[in-house]
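For reference, the structure is listed below as structure tokens.
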Amino acid sequence: ADKAASGVLTKLPQKQIQEMKEAFSMLDVDRDGFVNKDDLKAISEQLGRTPDDKELTAMLKEAPGPLNFTMFLSIFSDKLSGTDSEETIRNAFAMFDELETKKLNIEYIKDLLENMGDNFTKDEMRMTFKEAPVTGGKFDYVKFTAMIKGSGEDDA
């Protein structure tokens with residue numbers, strides 16, 4: 001597990017490791033150093049994902065024993081690194097940005113997410129846009145993409 005952890009530590013940005021450590025610590029209510037299925041569901045939602053029960057059970061099965069921080073980091077880094085690249089996500093938003101302002105009407109985005117593709121629920125929508133950069137009804141997809149991918153590049 002130590003070998004796996006060192007690999008994880010080199011491929012994740014330090015900021016993301018720190019965020020995951022803080023999240024893990026918040027979940028480990030009894031401070032025993034381990035997380036269970038309910039804890040995993042809560043942390044997934046904090047990270048912007050809504051896994052189903054089957055996925056959570058599968059994640060716990062990936063750990064050879066009780067889920068401590070090292071195993072947690074290893075498992076979640078695989079899940080997080082399995083997402084699209086920052087550029088891919090930004091380009092997907094850009095397809096709807098006809099004026100090339102790097103901003104989209106937030107109501108338009110919400111309508112797309114509710115009625116097309118994954119059909120987001122109201123709760124999923126709330127979780128997704130809870131900390132999204134929205135000013136004057138305009139959603140800044142460049143900042144949002146940097147935020148969800150952990151690059152922290154706000155000046156793009």
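Think of each number as a place in line: the chain as shown, counted from 1.
Quick reminder: no glycine exception, Cβ is built from N, Cα and C everywhere.
Quick look at what Swiss-Prot lists:
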- A1: blocked amino end (Ala) (MOD_RES)
- 15-50: domain 'EF-hand 1' (DOMAIN)
- D28, D30, D32, D39: Ca(2+) binding site (BINDING)
- 84-119: domain 'EF-hand 2' (DOMAIN)
Worksheet, complete the sentence: Counted with DSSP (H/G/I as helix, E/B as strand, rest coil), the domain 'EF-hand 1' (15-50) has 23 helix, 1 strand, 12 coil
Worksheet, complete the sentence: For the domain 'EF-hand 1' (15-50), the averaged pLDDT of the predicted model is 76
Worksheet entry | Lowest local Cβ density (other Cβ within 10 Å) among binding-site residues: D28, D32, D39 | D32
Fill in: Residues of the domain 'EF-hand 2' (84-119) by DSSP state, where helix covers H, G and I
19 helix, 3 strand, 14 coil
